[in-house]
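Novice: Here's the feature list from TrEMBL:
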type	residues	note
ACT_SITE	A:K199	active site, proton acceptor
BINDING	A:G8, A:A9, A:G10, A:A11, A:M12, A:G13, A:A148, A:R266	NAD(+) binding site
BINDING	A:K108, A:R266, A:N267	substrate binding site
DOMAIN	A:3-168	domain 'Glycerol-3-phosphate dehydrogenase NAD-dependent N-terminal'
DOMAIN	A:188-336	domain 'Glycerol-3-phosphate dehydrogenase NAD-dependent C-terminal'
Number of protein chains: 2
Amino acid sequence: MAKVTIIGAGAMGSALIVPLADNGHEVRLWGTELDGEIIDSLRKGLPHPKHKHRLPSEIATYQVTELEEAMLDTELVIMAITSDALENVFDKVVPFLKEGVIVGSVSKGFNYDQNGRIVILPEILENTLPETLRNKVPIVVVGGPCKAIEVVWKSPTAVTYSSNNVEAAKYMQSILMTDVYRVEVTDDVIGTEVCAAMKNAYSVGLGMAEGFKAKNGFLHNNTKAALFTFAVAEMGILTKAMGGSLEAVIGLPGVGDLEVTGEAGRNRTLGELIGGGLTASKAVEKMREEGITVEGYPAIKFGYYLAKQLESEEKLSLDQLPLLRGLYSILYENAPAYGKIKELLQNCTGYYKI
Amino acid sequence: MAKVTIIGAGAMGSALIVPLADNGHEVRLWGTELDGEIIDSLRKGLPHPKHKHRLPSEIATYQVTELEEAMLDTELVIMAITSDALENVFDKVVPFLKEGVIVGSVSKGFNYDQNGRIVILPEILENTLPETLRNKVPIVVVGGPCKAIEVVWKSPTAVTYSSNNVEAAKYMQSILMTDVYRVEVTDDVIGTEVCAAMKNAYSVGLGMAEGFKAKNGFLHNNTKAALFTFAVAEMGILTKAMGGSLEAVIGLPGVGDLEVTGEAGRNRTLGELIGGGLTASKAVEKMREEGITVEGYPAIKFGYYLAKQLESEEKLSLDQLPLLRGLYSILYENAPAYGKIKELLQNCTGYYKI
């Protein structure tokens, strides 16, 4: 039985309690300053306010002020924090980390490092560690198609854990894998992370194809499937330019996660609103008013600037990424979605040279 | 302006009239003996009975007895026949073929050659040609995500034309491509064909994941996305064993066509019935009673026997294809769908080694 601390009581962090509890581990769930009400609810035995489901009752819950207790003698820490808050929260966790503790991360996205370069999130974590812990606290990232609520329901799920330290990833696999939560292990951190971030960006595009029905009065499944293919090709180009492998792209972190994100979720909804005729700025505003943050929106901007960064390093050319450029132009320059998608369909290629 | 003869007045054959007419070509639509009523309807100016849409009125229509007229001086013949009838119908077309006429094929699937080996459809066409026309009538096959009705509606669509004779594929592209019907050209006939056939098989599995909601009371999007990934991996293994390229698999013919087939259609519906709790034999019977043929059903059998054939030739091992084996077992041995899928999820790999 391992001691596992989950940092962040949102949808995904809380969902992972289910396989952990099924495997009989001691689980501590720590809530950030934004999670106070969630922790209160769970302590009262009420359902999780996001899942609307009761979680296994044997877990221990910790409020924002109780981090030290939550971290006591822990063997595995799982960071389940939104990408923009990850660094700040990890900063608070670090003083309680010891050599050999493993840090898993389910956060997905990009961020800027101290030099203003766009990097993947494990680099942010690595940079936050003090010198004394560098390379002594292995970091494991999670990719693949995984709606949190379905982990709670126990829909059969398959995900990828990736780490430069494969043994650490295998350890985390041994702690979490169940007969309905399959974990594959790879050493391709970059591939897993680039796909995890970019699938949010591209699924906004898939949502647009769904939205064209409202605009034009008929289905655009062919368009969606074409965009899906172009997205896979462009994720391949970005991943390889970053130093990741194509295996991640055609595996669970790429193709798999793009499929599930294109089926349902916030990114798709944002795209659907835009495809249906709302301007991008109105659509983003509408979702913000409803309190919904859409990861795909910043991911498109990060992806586009990352591509520029990679172009300046002569690792790719923006011309290879017509879909990403088109999405940027629709989301940030208010280009009309239907016209843009129709136009870029002529310039994309669905036959990606390996 | 080219003279183009479409053989078969079903959904896909008729749909291609739209880009052809948009490009100003002379189109002749010939109906098989099963298409008599369709041709009658079109001649009366009524909508196509399958699409429920009016087709461009300037096309010429031909009944089964008028094949010679339909073929007169034609430059491009497009075979739009179900895979099981393709050979018989092509046999009738062959006497009217001349050297240099190009034969396109939108039929998808496998069949047996004279020696009882499972082969891709262009081989069937090639073998049907008399010696005098071998290699003188280039064959071009069509792959990629393309619901026929959406070609009629002009939803932006992207497809792949493949031929050993790339010039012929480019010619066909020049005849059909429009601003909403994009055509990419490749020389990978095998990759395009294996994906075109196998995506029908695997999308039955995707449908099962949709059906599990009816059975279990909650969504299985994670399961569907995992199966999607495993399907892509297995299409890669089959395609490479057949001599095709991975580019087709991660391109429009593979990933793209699997995506659209998993979104909607007969194959998915069959899977959904089975996932929802019907035995496979009852589900197939139910669809047959409604007059619906499901290409995925024979495709699973063909795929499984093709894999055995390739195993006996030491080109792959059946152990590499747990999803295909599982689907065969559900469809042809009445294995329980949910249990089987849950089990095979433990044995599949979503990290296909390139």
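Glycine residues also receive a Cβ, built from the backbone N, Cα and C atoms like all the rest.
Just so you know, TrEMBL annotations are computer predictions that nobody has curated.
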Novice: List nothing but the one residue from A:G8, A:G10, A:G13 whose Cβ has the fewest other Cβ atoms within 10 Å; the candidates are the binding-site residues.
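Specialist: Lowest Cβ count within 10 Å among the binding-site residues (A:G8, A:G10, A:G13) is A:G10.
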Novice: Out of A:A9, A:A11, A:M12, A:A148, give me whichever of these binding-site residues has the highest number of other Cβ atoms within 10 Å.
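Specialist: Highest number of other Cβ atoms within 10 Å: A:A9.
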Novice: Same chain only, sequence gap of 6 or more: which residues have a CB within under 8 Å of the CB of A:N267 (substrate binding site)?
Specialist: A:N200, A:A201, A:S203, A:V204, A:G207, A:T261, A:V294, A:E295, A:G296
Novice: Below 8 Å Cβ to Cβ and six or more residues apart, same chain only. Which residues does that give for A:R266 (NAD(+) binding site)?
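Specialist: Sequence-distant Cβ neighbours: A:M287, A:I292, A:T293, A:V294, A:E295, A:G296.
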Novice: For A:A9 (NAD(+) binding site) and the residue listed as 'active site, proton acceptor', what Cα-Cα distance in Å is obtained after rounding to a whole number?
Specialist: 23
Novice: Between A:A11 (NAD(+) binding site) and A:K108 (substrate binding site), what C-alpha distance do you get in Å?
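Specialist: It is 14 Å, counting Cα to Cα.
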Novice: Which is it, of A:K108, A:K199: the one of these recorded positions whose Cβ has the most other Cβ atoms within 10 Å?
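Specialist: Answer by Cβ density within 10 Å: A:K199.
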Novice: What's the CA to CA span in angstrom from A:M12 (NAD(+) binding site) over to A:K108 (substrate binding site)?
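Specialist: Per the Cα atoms, A:M12 (NAD(+) binding site) and A:K108 (substrate binding site) stand 11 Å apart.
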Novice: Would you mind reading off the Cα separation of A:G10 (NAD(+) binding site) from A:K108 (substrate binding site), to the nearest angstrom?
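Specialist: Counting only the Cα atoms, the answer is 14 Å.
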Novice: What whole-number Å value do you get for the CA-CA distance of A:G8 (NAD(+) binding site) and A:K199 (active site, proton acceptor)?
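Specialist: Distance (Cα to Cα, whole Å): 23 Å.
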Novice: Excluding A:K108, A:R266, A:N267, please set out which residues of the same chain place their CB within 8 Å of the center of the CB atoms of the substrate site, keeping sequence order.
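Specialist: Those within range, site residues removed, are A:N200, A:S203, A:T261, A:G265, A:V294, A:E295, A:G296, A:A299.
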Novice: The record lists A:K108, A:R266, A:N267 as binding substrate. What's the largest Cα to Cα distance among them, in Å, rounded to a whole number?
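Specialist: If we measure all Cα pairs in A:K108, A:R266, A:N267, the largest is 14 Å.
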Novice: Take the domain 'Glycerol-3-phosphate dehydrogenase NAD-dependent C-terminal' (A:188-336) and average the pLDDT across it for me.
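Specialist: Averaged over the domain 'Glycerol-3-phosphate dehydrogenase NAD-dependent C-terminal' (A:188-336), the predicted model reaches a pLDDT of 96.
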Novice: So among A:G13, A:K108, A:A148, all listed as binding-site residues, which is physically nearest to A:K199 (active site, proton acceptor)? Use the C-alpha atoms.
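Specialist: For A:K199 (active site, proton acceptor), the closest Cα among A:G13, A:K108, A:A148 is found at A:K108.
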Novice: For A:A9 (NAD(+) binding site), what is the secondary structure state per DSSP, taken as helix, strand or coil?
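Specialist: The three-state answer is coil.
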Novice: In the domain 'Glycerol-3-phosphate dehydrogenase NAD-dependent C-terminal' (A:188-336), how many residues does DSSP assign to helix, to strand and to coil?
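Specialist: Taking each residue of the domain 'Glycerol-3-phosphate dehydrogenase NAD-dependent C-terminal' (A:188-336) in turn, the totals are 117 helix, 0 strand, 32 coil.
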Novice: According to DSSP, collapsed to three classes, what secondary structure does A:K108 (substrate binding site) have?
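Specialist: A:K108 (substrate binding site) sits in coil per DSSP, no helix or strand.
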